[in-house]
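Visitor: The structure's right below; bear with me while I get my questions together.
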Amino acid sequence: MSFRLVVTEWRKGDKAMEHYSSSPTGGCLSGRISGVCISMAQLLEGARKLGWVLLNAFLRFIFVFINNCVAIPSYCLYCILLQPLRIMDSRYFWLIEGIMFKWMLAMVSLWGWVAGYTVMEWGDDVRPLSEEEAMVIVNHQATGDVCTLMMCLQDKGTVVRKMMWLMDHVFKYTNFGLVSLIHGDFFIRQGKAYRDKQLIYLKDHLDRYYRSRDRKWIVLFPEGGFLRKRRETSQAFAKKNSLPPLTHVTLPRLGATQVILKTLGPQQENGSLGKEASTVHPSQSGSKPKGLQWVVDVTIAYPKARPMDIQTWIFGYRPPTVTHVHYRVYPIKEVPVETKPLTDWLYQRFVEKEDLLAHFYETGAFPPPKGQKEAVSRAMTLDPVRLCVIQSLAFASGYLWYSVLQYFYCCLF
C-alpha cells in the first residue's frame, strides 16, 4: 500500500513539473537556467584557454630566458678564446664566428617554428645569390620583421653568417646587442640632429669591417622606423611634395642606401654603378666580380595586415601564422647613385611594395610577375633535427663554460 502511494505521488509530482515547465513562467525560468548554464560553460572554456595561453607563455619565457643565458655568454666566451686565431689568421676566426652567429639566429627561428610561425616565399629565388654581394632593402612594420628574416634566410647558404645588419641604435642595448656588436653590425641613430654624423660613421664602418670580415649581404630598412610610427609623417610629406600617398609602407629615406652604394658598389659611370656589375644571374655565371652585384627587394606581408612583434615570438600567444615574403632582384647596374635619380628609383620600389601589399591583403596572395599568369609560392622549411642539435649544443656549451668558470673561481678564491 505504501509502495503504490509513493508511485502515485511521484507521478503527480512529475505531471506538476511538466505543467510548470510548459507554463509561460516555468518556460521562462527554464530558459534562463539553460542560458546561465551555457554562459558558465563558455566562461569556463574561455578560462581554460586563457590559462593554457598564460601557462604556455610562461614556459616559453623561461625557455627563452635560459636559452639567452647560456647561448649569448657562450658565444662571447668562444670569441674571446679564439682571439689568438684572429691575430694569426682572421679569415678562419670570422668563419667560425659566422657559423656561431648563424646558430644564434637559428635559435631565434626555433622560437617561432615551435609556435607554428612559418614563412611562405614568393617571387625571385635568391638562393643562387648567396655567394654574391647584395644590398637587401626591406619594408619595416614591427620588431618581428627581423625575426622573420632570421628564419627565412636560414636556408640561403652562407648568407646569414656573412651578413651585416643596419639597425636602430636601441637594439645595441638589448640582449642580442652584444652579439651584433661582435659580429660587426651597425647601429644607426635616427633624427635630423644625428643624420650627417651617422652617415659618416656608417661609411667608416663599412670601410673597416665589411671587406675585412668577408661580408656578402647587407640588410637595411630604408623607411627608418616602424610603419605605425612613420605613416602619418610620410603621408604628410607625400602630400606636400605631390608624391603618391602610401598606406602599407612609408616613403624611404635616402642617406644610408646612398652611402652603401657608393662605398660598396663597383666603379661608377655617369651616375650609375659600373659595368663590372653583372646582369647575368649567378646560377648562369661562375664569375664573382668585386663590389655589390645585386639589390634584393624584400617585401614582408602578414595575414590581415597584423604584424608580429618580438613579444609574439617569445611568448607565442598568437595562433600559428604564415608570414609571406616576396623577393625581387635587381642587377646593381640598373641602380643609380646620384641623389635625384636614386631617390626616384627608391620611391618607385616602395610604390611597387604598396601595390604588392594592397594586392596581398585583398586576395591573400602576391600578384604574378610580369609575363606570367600565376604567382608561385614555396614554403620555407627548417630542419628540425638541425635546430635541436644547435639548441643542444647551446645548453652543453653553457654547462661547459659554467663548469670552467666555477673551477677557476674555486682555484682563485
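Quick reminder: no glycine exception, Cβ is built from N, Cα and C everywhere.
All annotation found in TrEMBL is predicted automatically rather than curated by experts.
Here the structure is a predicted model, which means the values were calculated and not measured.
Pulled these features from TrEMBL for this protein:
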type	residues	note
TRANSMEM	58-80	transmembrane segment
TRANSMEM	92-114	transmembrane segment
DOMAIN	134-254	domain 'Phospholipid/glycerol acyltransferase'
TRANSMEM	170-188	transmembrane segment
REGION	268-289	region 'Disordered'
TRANSMEM	387-409	transmembrane segment
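Have a look at these and tell me how they're positioned relative to everything else.
Guide: Same-chain residues lying 6+ beyond the ends of the transmembrane segment (92-114) with a Cβ under 8 Å from its Cβ atoms: 60, 64, 67, 71-72, 75, 78-79, 82-83, 85-86, 147-148, 150-151, 153-154, 158, 160-162, 176, 179, 182-183, 213-214, 313-314, 316, 382, 384, 386-387, 390-391, 393-394.
Helix, strand and coil counts under DSSP for the domain 'Phospholipid/glycerol acyltransferase' (134-254) come to 57 helix, 18 strand, 46 coil.
Sequence-distant neighbours of the transmembrane segment (170-188) (same chain, 6+ residues past either end, Cβ-Cβ under 8 Å): 68, 72, 75-76, 79, 97-98, 101, 104, 164, 198, 201-202, 205-206, 209, 213, 215, 256.
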